[in-house]
Amino acid sequence: MSAKAISEQTGKELLYKYICTTSAIQNRFKYARVTPDTDWAHLLQDHPWLLSQSLVVKPDQLIKRRGKLGLVGVNLSLDGVKSWLKPRLGHEATVGKAKGFLKNFLIEPFVPHSQAEEFYVCIYATREGDYVLFHHEGGVDVGDVDTKAQKLLVGVDEKLNAEDIKRHLLVHAPEDKKEILASFISGLFNFYEDLYFTYLEINPLVVTKDGVYILDLAAKVDATADYICKVKWGDIEFPPPFGREAYPEEAYIADLDAKSGASLKLTLLNPKGRIWTMVAGGGASVVYSDTICDLGGVNELANYGEYSGAPSEQQTYDYAKTILSLMTREKHPDGKILIIGGSIANFTNVAATFKGIVRAIRDYQGSLKEHEVTIFVRRGGPNYQEGLRVMGEVGKTTGIPIHVFGTETHMTAIVGMAWAPAIPNQPPTAAHTANFLLNASGSTSTPAPSRTASFSESRADEVAPAKKAKPAMPQDSVPSPRSLQGKSATLFSRHTKAIVWGMQTRAVQGMLDFDYVCSRDEPSVAAMVYPFTGDHKQKFYWGHKEILIPVFKNMADAMKKHPEVDVLINFASLRSAYDSTMETMNYAQIRTIAIIAEGIPEALTRKLIKKADQKGVTIIGPATVGGIKPGCFKIGNTGGMLDNILASKLYRPGSVAYVSRSGGMSNELNNIISRTTDGVYEGVAIGGDRYPGSTFMDHVLRYQDTPGVKMIVVLGEIGGTEEYKICRGIKEGRLTKPVVCWCIGTCATMFSSEVQFGHAGACANQASETAVAKNQALKEAGVFVPRSFDELGEIIQSVYEDLVAKGAIVPAQEVPPPTVPMDYSWARELGLIRKPASFMTSICDERGQELIYAGMPITEVFKEEMGIGGVLGLLWFQRRLPKYSCQFIEMCLMVTADHGPAVSGAHNTIICARAGKDLVSSLTSGLLTIGDRFGGALDAAAKMFSKAFDSGIIPMEFVNKMKKEGKLIMGIGHRVKSINNPDMRVQILKDFVKQHFPATPLLDYALEVEKITTSKKPNLILNVDGFIGVAFVDMLRNCGSFTREEADEYVDIGALNGVFVLGRSMGFIGHYLDQKRLKQGLYRHPWDDISYVLPEHMSM
């Protein structure tokens, strides 16, 4: 959500810190918080003024009218405060319909004052700007401030000065206090704007001869502005409304939501409830809650929540397991119900999200059966058949009753089934989302008709008018429709061209496929803009043909080279969507902008709206999937994949236009309208934010003026008053076409505490903003309003059939659309094709949520403390080695890490480093010296000693044989060390191996060889390379993890040399860093260390 309430303490703390005013604000930071865990001695240490002043105490839990409820203790001593708190702190209280525990109180100094010194100030945000309210009589009996207070609208981007405040607000204020009040209100407004508040009320504001006192404060901030205000806000807390506890599970989901590009929401309403929901989509989640409450389940509804925006399988698993954990804590005598519902997704891979839910169900299958949980599933969208299949399979394998339904079932029908004694039979669905591969004109579930013109070209004035309006609406509650001067009634046509901001290749390909199936002459996407790469071209498909679409770094270049473009689809993130949209509106050719991002601060959205109105630009969004005009154009992912485009007949125009807030619900409307009428003419999802760029009425008026539109469908929502404009339009005769409308969110009036639904704007701030009030007003105005969302399809069909009967709509002949090839990647995901891979790997898999080494998740690697040796065992040998083997590998890496700067590898590395080369170049220079003469002895010694040992010849015979053949025994001999001056590296390794290895036959053989060679020359010892070689073979052969064939294969393919390469790389890097640290210059070898031996005839 966007606007969130903060505690009084938080509001005052921010105000005292950041308000800038000449008025003397008293009692700054003088407040003390008391909870059941408060240590009074510690509190007095921090706030010594508690002992010396009269005090006021009150709960700080978002409770309104505390004074009227007797929840304010006034003019008390500290002992009086303690006595006053005793029957209240930690005890239950009832406020309206809400019951909750009082556990957070605020103590402040008592301010003696008269009634004449109390004032009321409030600032709140609207679409047009911010209203400032002032009343000269504040306090507990202030009454209806909307009618009594002086009110001033400060427009978007306008400033509030002291003179305006005095002239418009302080009309009735005492003369001697006007200067102080004007300065304070001016500073308060600037503070409100700077810290992105959406609501700020002070009542009473007390002004005495000493200065200004802020007694009671209530506030909301725009939570989406966190990335802007983080420095000033700090870690701000958003307490739950009174009557609802804050649960750690809610905080956990909020944390997941904050770390994800998807949307994850959870509110616990009644943890003991019988009915639990796990719904996809901000709009759909509200509709399911409405339906449950309509059927009498309000007291059994346990939670509200939603997941949307294509969460990954892991994110959905985390979300699902949280809900399953909560619902299996307490048993219910009638068992429990889990509704896994959702509308038809636009771009979320249903199978991927369902696999996450299925994992959670498997993990909790025992608890689910113990608590007698029955699960009802309904979903549609990309790959939904596979999702439904895996959901049905888990029901069969676990024994949990899971009833699965697809798009052929009405979205909320499963709620009724949960109460019904019998479950209807589920008709078989296709095995995959690939219906568009074949001409499906014979199928009832996926019709394949097509056309490029409207069914009827009859005039708008021939359409049956809406029902006569009843004069019941108060004038001030129904603002007149906003002027559309300068804005086109037609946003899209068959020739519309768009620029897409953002590297959204999947969305662009979806638009091109839609264009192709609509038989457009050219693709609708002319270019893309992506500031993070240089100019280039991106490959896409136009039917079977490959095409190139240019990608520009700068928007100016894209606009200049494509003057025919008049639509921009903005996929920028919430942080850059504002700036990129503002830049777009500098180009006069752009008439429509769709903003997809969710989470743009409301204050910035209002600035976008103001500039768009000035420029005559229509904005769709923010927080939207976009819109669609069948047969012409679609925005981004709107309408989902091609199978849904065909099933909902979106490739050709119908006669019904709709507008909704929700993207998912707009796709559900596509489905409903296609099954009950001749199809969609145009549909727009204006977005779930509080201030959408264009409103319901903007689009309803467009549809009214469009001859091809014969009836209008509006899916309204709780929050805001835009739907009342439709009532006004009918009353004034501006709207004559039939309008079907239903406002979702009717359940909100049944809850005892306020619930913020999935959309930022879905929250009623007054009675007129509730869905129930709006539905009633619409009905009285003559709009066709169903009794519930369940009946929406029936009333749409009834109105449509009436228009057909009157001849206003003449159904046209259907024509099959062209077939479109399926993308290779999607076909592979659906399991329709297979292809031999070019590469194979068996040691690492990075594709899932967690990196996996040879089958072991990285979390397990750290949990088991496997170390570098253990990781090498997994990556080199595909298995988990014994602990001593891992330790031995690590010891080998340590002893081979370096051997001084004089050896060839280190020498090369140093020379490269001093020549100014980078780390990788210097390192590879050193590594390239490793071979038979340097570093290669590990492999050679292992092979040579193994061959001799396995052939059965005794050590003396082996030494004699090598001498006879004139070959050196690899791994024997050292330039400095000898039998009398042993190499401590070898000694350390030998002690470890003898202590931990189960058997060391090859090492024993090599030590016998050493006895023979050192008897002739004391430095012919088994050196560190030879020791590691033979000991490694012993480890491979005797640790129990390998067969003899596997052990020999690893020696043959050079695994042992890898130990030296990896170990010595550490030393080479050390030498590189050392030279850079010492700032050594270019190395040139001295002449006197070089013998110039030239041919004799040349030197003469």
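Cβ coordinates are placed from backbone N, Cα and C, and glycine is handled just like the others.
The active site, tele-phosphohistidine intermediate annotation in Swiss-Prot covers His759. Neighbours of His759 (active site, tele-phosphohistidine intermediate), defined as other CB atoms within 10 A of its CB across all chains, total 29.
Mapped onto three states, the DSSP output places Gly67 (ATP binding site) in coil. Summarising the environment of Gly67 (ATP binding site), the number of other Cβ atoms within 10 Å of its Cβ, over all protein chains shown, is 15. Annotated ATP binding site per Swiss-Prot: Lys58, Arg66, Gly67, Pro109, Val111, Glu118, Asp216, in sequence order.
The Mg(2+) binding site feature in Swiss-Prot is assigned to Asp257, Ser260, Ala262; the stated evidence is similarity to another entry. Of all Cβ atoms in the protein chains displayed, 19 besides its own lie within 10 Å of the Cβ of Asp257 (Mg(2+) binding site).
The citrate binding site annotation in Swiss-Prot covers Gly309, Asn346, Thr348, Tyr364, Arg379. A coil conformation is recorded for Arg379 (citrate binding site) in the three-state DSSP classification, outside any helix or strand. Note: Arg379 (citrate binding site) has non-local neighbours Ala280, Ile340, Gly341, Gly342, Ile344, Ala345, Val350, Phe354, Gly387, Leu388, Gly406, i.e. same-chain residues 6+ apart with C-beta under 8 A of its own C-beta.
Sequence annotations record features per position, and here Swiss-Prot assigns CoA binding site to Leu778, Lys779, Glu780, Ala781, Gly782, Val783, Phe784, Val785, Pro786, Arg787, Ser788 based on sequence analysis. Around the Cβ of Ser788 (CoA binding site), the same chain contributes Asp290, Thr291, Asp294, Trp742, Thr746, each under 8 angstroms and 6 or more positions distant in sequence. Secondary structure from DSSP puts Ser788 (CoA binding site) in coil.
Marked as ubiquitin cross-link by Swiss-Prot: Lys539 (among others). Remark: Lys539 (ubiquitin cross-link) has Glu546, Ile547, Leu548 as non-local neighbours, by Cβ distance under 8 Å and separation of at least 6 in sequence.
Positions annotated as ubiquitin cross-link by Swiss-Prot, on the basis of similarity to another entry: Lys545 (among others). In the three-state DSSP scheme, Lys545 (ubiquitin cross-link) falls into the strand class. Here the Cβ of Lys545 (ubiquitin cross-link) has 8 other Cβ atoms within 10 Å, regardless of which shown protein chain they belong to.
Less than 8 angstroms from the CB of Lys553 (ubiquitin cross-link) sit Val529, Tyr530, Pro531, Thr533, Gly534, Asp535, each of them six or more residues away in the same chain. The ubiquitin cross-link annotation in Swiss-Prot covers Lys553 (among others) and is backed by similarity to another entry.
The domain 'ATP-grasp' annotation in Swiss-Prot covers 4-265.
Swiss-Prot lists Thr446 (among others) with the feature phosphothreonine.
The feature N6-acetyllysine is assigned by Swiss-Prot to Lys539 (among others), with similarity to another entry given as support. DSSP gives Lys539 (ubiquitin cross-link) a strand state.
According to Swiss-Prot, the feature N6-acetyllysine maps to Lys545 (among others), an assignment based on similarity to another entry.
Per Swiss-Prot, N6-acetyllysine is recorded for Lys553 (among others), and the stated evidence type is similarity to another entry.
For Thr638 (among others), the entry in Swiss-Prot reads phosphothreonine. Taking Cβ-Cβ distances under 8 Å and a sequence separation of 6 or more, the neighbours of Thr638 (phosphothreonine) in its chain are Asn346, Val625, Gly626, Gly627, Ile628, Gly663, Ser666, Asn667, Gly683, Ala685.
Residues or ranges marked as N6-acetyllysine in Swiss-Prot: Lys947 (among others). Lys947 (N6-acetyllysine) has a Cβ environment of 11 other Cβ atoms inside 10 Å.
In this chain, no residue six or more apart from Lys967 (N6-acetyllysine) has a CB-CB distance below 8 Å. Taken from Swiss-Prot, the feature N6-acetyllysine applies to Lys967 (among others).
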Worksheet, complete the sentence: Comparing local Cβ density (other Cβ atoms within 10 Å) for the binding-site residues Asp216, Glu780 points to Asp216
Response to the item:
Fewest neighbouring Cβ atoms within 10 Å among the recorded positions Arg66, Lys1076 goes to Lys1076
Worksheet item: What is the total of other Cβ atoms whose distance to the Cβ of Pro109 (ATP binding site) is within 10 Å?
Response: 16
Worksheet item: How big is the gap, in Å, between the Cα of Asp216 (ATP binding site) and that of Lys545 (ubiquitin cross-link), rounded to a whole number?
Response: 68
Worksheet item: Rounded to a whole number, what is the top Cα to Cα distance in Å among the residues the record ties to citrate, namely Gly309, Asn346, Thr348, Tyr364, Arg379?
Response: 30
Worksheet item: Which residues does Thr348 (citrate binding site) neighbour through Cβ under 8 Å, counting only same-chain ones at least six apart?
Response: Ala280, Ser308, Gly309, Ala310, Pro311, Gly381, Pro382
Worksheet item: How would DSSP class Thr348 (citrate binding site) in three states?
Response: coil
Worksheet item: Going by C-alpha positions, which of the recorded positions (Ser260, Ala262, His759, Gly782, Lys977) is nearest Val111 (ATP binding site)?
Response: His759
Discussion item. Just to verify: the residue among Ser260, Asn346 with the fewest other Cβ atoms within 10 Å, which of the binding-site residues is it?
Written reply: Ser260
Item to complete: Express the distance between the Cα positions of Lys545 (ubiquitin cross-link) and Gly67 (ATP binding site) as a whole number of Å.
Response: 73
